[in-house]
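Structure first, then comments.
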Amino acid sequence: MALGDLMVSRFSQSSVSLVSNHRYDEDCVSSHDDGDSRRKDSEAKSSSSYGNGTTEGAATATSMAYLPQTIVLCELRHDASEASAPLGTSEIVLVPKWRLKERMKTGCVALVLCLNITVDPPDVIKISPCARIEAWIDPFSMAPPKALETIGKNLSTQYERWQPRARYKVQLDPTVDEVRKLCLTCRKYAKTERVLFHYNGHGVPKPTANGEIWVFNKSYTQYIPLPISELDSWLKTPSIYVFDCSAARMILNAFAELHDWGSSGSSGSSRDCILLAACDVHETLPQSVEFPADVFTSCLTTPIKMALKWFCRRSLLKEIIDESLIDRIPGRQNDRKTLLGELNWIFTAVTDTIAWNVLPHELFQRLFRQDLLVASLFRNFLLAERIMRSANCNPISHPMLPPTHQHHMWDAWDMAAEICLSQLPQLVLDPSTEFQPSPFFTEQLTAFEVWLDHGSEHKKPPEQLPIVLQVLLSQCHRFRALVLLGRFLDMGSWAVDLALSVGIFPYVLKLLQTTTNELRQILVFIWTKILALDKSCQIDLVKDGGHTYFIRFLDSSGAFPEQRAMAAFVLAVIVDGHRRGQEACLEANLIGVCLGHLEASRPSDPQPEPLFLQWLCLCLGKLWEDFMEAQIMGREANAFEKLAPLLSEPQPEVRAAAVFALGTLLDIGFDSNKSVVEDEFDDDEKIRAEDAIIKSLLDVVSDGSPLVRAEVAVALARFAFGHKQHLKLAAASYWKPQSSSLLTSLPSIAKFHDPGSATIVSLHMSPLTRASTDSQPVARESRISSSPLGSSGLMQGSPLSDDSSLHSDSGMMHDSVSNGAVHQPRLLDNAVYSQCVRAMFALAKDPSPRIASLGRRVLSIIGIEQVVAKPSKPTGRPGEAATTSHTPLAGLARSSSWFDMHAGNLPLSFRTPPVSPPRTNYLSGLRRVCSLEFRPHLLGSPDSGLADPLLGASGSERSLLPLSTIYGWSCGHFSKPLLGGADASQEIAAKREEKEKFALEHIAKCQHSSISKLNNNPIANWDTRFETGTKTALLHPFSPIVVAADENERIRVWNYEEATLLNGFDNHDFPDKGISKLCLINELDDSLLLVASCDGSVRIWKNYATKGKQKLVTGFSSIQGHKPGARDLNAVVDWQQQSGYLYASGETSTVTLWDLEKEQLVRSVPSESECGVTALSASQVHGGQLAAGFADGSLRLYDVRSPEPLVCATRPHQKVERVVGLSFQPGLDPAKVVSASQAGDIQFLDLRTTRDTYLTIDAHRGSLTALAVHRHAPIIASGSAKQLIKVFSLQGEQLGIIRYYPSFMAQKIGSVSCLTFHPYQVLLAAGAADSFVSIYTHDNSQAR
């Protein structure tokens, strides 16, 4: 049973349910847990409606087809800003405020009683009768010496109940010297612990105006003053003083003056000096016989007895209860199952609650949690304030407490006391009678539950929190208290911090020692919440053996997957950067338990919980991260074979976690102090494991999720750190001219033009010396010119001897050369290194800025420097964001090789000299190559554009590796609320319902409208100010917004009703530009803007219409590789909301299908053509259907749901010209398409019935540049480079022609570059090469 269900079943009044497994973001309306099945259901419903439009079911299915329910890219991972993702080298560890800096103990208690029985002090006039009881002894009931001794013993016993382990010293009617010896002895014994000094001055005068207290001379004939300064010098700190005498505040004032507590710079010793005083300066102690003479001491040391006696006289029960019965309350104070024990328990809960609610949390922790005896005294001090104020006496403390005597929790205490007293006569009369427990705790838990139902972070915190803590001590209330505590902790990190501050930690830590099955689930949940806030608790857990509790839970058969995921999270935190935790969990077979669960996840098994898989991987990764023994055990347990299949899981979080686990299984590299020869003999099994791991990681280097690719980059950085030399060899091998053909997909860092300074930053490097067959290695150093003209001059250097090592100017690993052989550590296949270098360069030009930054960092690890692009000048204008959307990236130009043939420049520099690649694995007979260096003045130039070397010669090289983010990011899931209903999504659902209603109304209008003519005069005309004209545009379905982009991938958003620019930003900062298409994703919800570039890069933005607030949701490269001989990819894409698929193709032999819900390439469909794809159109009502137009004028229809996806192929266009536009016709017909050729003809086809066209429109005589087909209305539009737009009906009737802008001079429109219809209204947006975007509508529309 799930945790939420468990709570509900146990307490039906607690409406709690657990959120579905890996759905992190409540902002999404529908669950994505079963996207494929939902997709199939949606498609089935839409398919079933063909030919049956009369039934209600068909109408529903039709609306489902037109209004797809699929929502993508709205998980928690898409809310994380690119800029906020950590790339640093160290984590910021926050010191938890709830944890006490140090616990303290009162080690010694000095009791000084100055009673001088039978002699009243001269300044006291006693009433008759007056209070006489001291320590519950009547001093006149026995001989004075005996009475004094008995009182001293009683007082000592009363204190011992609160701190039995302290040493107690009593001085009765002492002299100054005796007090001095007592104090010095106590301090000597206590050492650094606290000393308590209790002073009873009932037999001496009240303190002097200077705060001196009185003691006796040896003969008891005089009162001797004792200065507070001397007392303070003997006891020192830490200390606590109790002064039970009249005018006791005089003493506090003297301490304050002594320590200068009033000044802001007072010493820290004042914090370690605590004082409790019985009354204020002008007050005398109560003399009423209602109270004992030492009422203050009685409150502090015997609170239950004192409280009941005081209450009894004020209760309605006073007539029927004999006060003497209070001394006979059955039970023990420390046994909560007895009446006395329960009363003490309730009293503790009440006073803790009062203190918690009135004191600052720091002061509460200091007084009520740091020292057991101090906590007890301050709880009892609250009672003293209540009782003594009724006698016009005001107890005082330092630190000063606010008034608490009228706090409403005292009413709850009075009720508990009354229930107790009402049972007392019967319990005393018949000891076998069972007492009825007080409903106090049940009622307080109910009050806490009411708060949980209505409270929040922004309301007053629940005052019952300290009571919940107390209830954990009771078996009968424990389960309910834990469930309610779990609900509270789930409200957020603020709630966890509050609970920890109140002192919950030691209680839940001790509960891990219980074996009660009922508590396991909720304890795991509570510890999940605690560790999500504060990982420092890992130390306490390992110290107390708590890790075994969670390993047993993880291995148990009864737990649900989401509960096991929490246990795996707890264990991951325990081993995170904590060697003792790693060792303890390794000994407890955590690796075996985790791998056992991964192995159990076979295809025949039920679909495993993604969150559980994710945390199993993260737990393993953290267990063997930088822990060689665990890595060895992981390899021996075939961890790779069990982790590798997870790289194809549909959830990006699982894939990223699996990459993390595999990456941390890689050894980071040998110690630079370790002998290279020793490293040569590494275990072959380790080499094979590394080889397998790297090959598996290279398979996901092009994953659709930045979360996954970031982990691949981090893993490759770890690999690069241990294999720097071999990767440099692989990089150097590509410098050979004959190797350039292998690099068709690798980028080059060419000269980058900075428009701001009109300078060119370029790197000039000399050619690489070819490896020679000469048996004797020879090396020459060559230096090269840094002339801005690019002329390279060779400077002869001194030759290096055979056995000299290559020096690294940045402290990289040295080659070890002896006898002509270079020893290389852990050698893998050369092809693996080559593939790694290609992968690193692919990452360095990643569409995601964060991944690109990581990729450049990996390249820096192997010594490859980069040219950094300077930020271009802001091109914004008033009303739009003038800054670029993210940090400028390195200028990684995409070209066919690393050579920049102009001026003979090589684009890369190695900080350490690259070596020619070996011909065999035994690297003998290598010729050393030239050392390539820059001139010092170039390196020192601020405008050189060179990145600083990442790795220096110091021992901190390893700390400079980029950090993984998946673990820290995943931890955030458990910081968020995991329990609760769907209230948060109701508002979102209402907004969607409103949009659906609007869409259905307008779809019906479009379908049943008769459009006679399109108005030549636009309703809006927008000068985009694009320098290269508008390349593509789209109209927002629910707002008067048009989004346009130019060839330089500058995006601008315009409100055409208000004629205002809303936002403008650059899609990216790479030098190569080219836009392919704009699409809207999730248009019925919070829409996202998909921007596809000509090179196949896809970037998806949120908040795109808000000035300066645009945020990159995700980015990936939709196409890998292109056809031989093709210079550019010329990517074309289309988005299908119904299936959640993005289709992409271009100068490539396949059409790739990306599932944006999984962020994964799910299929590559062969295009079945030698020509490149020039147009793509996905059906918006039939998921999986796709039409493609080719460069030779041919068309193909695919159904990607079928094993044989090609449905049919035809060539409707007579001339061999590329297909410019292609679209499915409006309606639910699955195979009617419209195709437009560059030659100017538009063909209408029904590909399911015949491959021939049933209608041809010769729209333009050549130069057709754009086609738009309305999604629902029977209208199409075409545009020409010859500056005109034509509009037609689906029957071929021309509805309009547009040639001129509406101006006095009748200026012709520009060469048409793009056309797009509004999806639900008859609006046409047209973009042209002259930077104008115009919006047209039809003249009249009437219902048929």
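Every residue, even glycine, has its Cβ placed from backbone N, Cα and C.
What Swiss-Prot lists as compositional bias 'Basic and acidic residues' is 28-44.
Per Swiss-Prot, the feature compositional bias 'Low complexity' maps to 785-816.
Marked as repeat 'WD 3' by Swiss-Prot: 1125-1164. Summarised as a single figure, the pLDDT of the repeat 'WD 3' (1125-1164) averages 93.
With a threshold of 8 Å between CB atoms, the same-chain residues lying at least 6 positions outside the repeat 'WD 5' (1214-1255) that come near it are 46, 49-50, 62, 65, 1006-1007, 1174-1177, 1179-1182, 1185, 1187-1195, 1197, 1207-1208, 1261-1274, 1276, 1278, 1280, 1288, 1290-1292. As annotated by Swiss-Prot, repeat 'WD 5' applies to 1214-1255.
Among the features that Swiss-Prot reports, repeat 'WD 6' is placed at 1259-1298.
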The repeat 'WD 6' (1259-1298) resolves under DSSP into 0 helix, 23 strand, 17 coil
Work out, from DSSP, the number of helix, strand and coil residues along the repeat 'WD 3' (1125-1164).
0 helix, 21 strand, 19 coil
Report the DSSP secondary-structure composition of the repeat 'WD 5' (1214-1255) as helix, strand and coil residue counts.
0 helix, 21 strand, 21 coil
